[in-house]
C-alpha cells in the first residue's frame, strides 16, 4: 500500500474536545430532559446509565479503535470487510441528508439572536402585525400552552408565523423565507472557514465552540436555580417513579437516547479518531466522552426544569403543562420563559448563542466525516482539500435551501424523525460483525495490543460479541416502529440501499463460485492496516511473531485475560 500523508491532531485535547463537541449537541438540551421526566424522572437514570455502560461506551471504543488503527474514515474502515463497504457509503449519504436540514435548524438561533436585540422582545406580546385573533398572552391566571385548537401564545406565533412563515402541510412547499435563507448562508460561511484547513483549524476552533456553551450553561444554571419555583421544576424532573421501570418502552427510550446522542454509526467518531497518533491509548477518551455527554444531559435537565418550574409558578399551572421537547422547547417554551425574567433580552441572547455553538460543533464533525471519507477513497484529492471542502459546502448548502422554504419545517420534521432510524443501527451492527466475527477477535486483540501496548480485555469482547448485537436489534426494531408513510420509509432507506447495492456489485465483480466470492470479500483487503509504512511493517512483523510463537489455544486465552 502506498503511504499517504494523513493529518494529525496537534494534541489529544483537541481530539477530546472535537468528539465532545460532536456528541454534545442541541439534543442534550431539548430532548433528554423531557425524556427523563416523562419516563420516571430519577428512575429513568437506571436504564439510562446501564445502557450507557453496556452499549454506548463499548460502541464508542470500537469505532475509535477501528478509526485510529487504520487512520481511515467512515468508508475505508470497511477495508476490514470489503463486502460491507456499502455501509461506509450509506454513512456518507446519511450525513449529507442530516447536515442539510440541520443547517436550516442552526439558522433559527441566529434569527432569534438578531431579534433579541429588540426592545421589547418581539414575541413578548400579541400586539404585532403577524399575530392572529387567537393570540393570548401569558398571565398569572392563564394556561401555559404553546398552541391549542382555540388559543396560541405570542411565542408560538412569532416562531411559526413570523420567523418560519410556515405553510399548512408538507405538500405546500411555498417560496423561500429570505431571513432564514440569509442566516443559512452565514452558517455555511462560518462552517467553511472553520473546517477549510481540516483538523488544523477545527482543533483550534473547538477550544472556544465547545467550552463556551458550558460557561453559558453554568450561567443559565445559576440564574435558573435562583428563580421562584425552580425547586418545584427540578423535583418534577428528578423525582423517581419506580413503577416506570416495569415499562419496556422506558428501557427502549433509554437505549435509543444513548445510542443517538453519542453518535456511533454516523462516521464522526471514526473520522475524528483517524487523526489520532497511532499509539494513543483511546480507551480513556472513549470512556470520558460518553460520561461527559450524559453528565451534560443531566445538567441541562436541571437548567431547563428550573426555568420551567419558574414559568409554571408564574402561570399558575403544573410543571407538566409547560414541559415540552424538541424545537418547541428551544424556540417556543424557553423564549416564553425569558420574557418573565428580569433582563429578558440578555438571557434570550445568552440562551440562543449557546444553542448555536452547541449545534455548529456537530456540523463541523458531520461535514468532516463526509470529506474524510471521500479523501480516503480518493487520495489524490488531498492536494485540493480546500477546493473539495468548498465544493462540498456549496453542494450541501444548495440542497439545504429546500429547508429554507415555507414548508421547510415540515421537511425538517420528516427528515429528522426518519433519516437515521434504519441506517445507524445497521451500520453499527455491520462494524461489529466485520471487526469481531469476520476479522476475528484474535486478530483484533493483536491489533489493539500492537497499537496501544495493552491487551484487549475480555469484558469488551463479551460485550461486542454477545450483548451489543441484541441491543442493536432491539433499537432497530423499536426505531423502525416510528417510521410512517411512504415518504418516511423512503427517507429511512435512502442511505441503507447503498449497502446491498455495493455488496451485489462486489460479488458480481469477483470470480469463482458464489460462496467463495462472499467468503473472499469478507476478508480484509490489502489496504487494511496502519497507513504509515514504517508502522505497517512493524505491525506485519508483530502479527507474524504472535502467530508463530503462540499456539491458537494459548492466543485465545491471552485475548481473554483480564
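Here the Cβ of each residue, glycine as well, is placed from N, Cα and C on the backbone.
Curation does not apply to TrEMBL; its annotations are automatic.
Residue ranges 459-480, 525-546 are listed, and TrEMBL annotates 459-480 among them as transmembrane segment.
By number of Cβ pairs under 8 Å, the transmembrane segment (205-238) is matched best by 287-312 from the list 42-61, 91-114, 173-193, 287-312, 459-480. Across the fold, the C-alpha of residue 28 (Na(+) binding site) and the C-alpha of residue 126 (disulfide bond) stand 31 Å from each other. Below 8 A, the CB atoms of the transmembrane segment (173-193) and the transmembrane segment (287-312) form no more than two pairs separated by six or more positions in the chain, fewer than 3 in all. Taking all protein chains in view, 20 other C-beta atoms sit within 10 angstroms of the C-beta of residue 135 (disulfide bond). For residue 361 (Na(+) binding site), the count of additional Cβ atoms within 10 Å of its Cβ stands at 25 [all protein chains shown]. A C-beta separation below 8 Å, combined with a sequence spacing of at least six in one chain, links residue 126 (disulfide bond) to 135, 136, 137, 154, 157.
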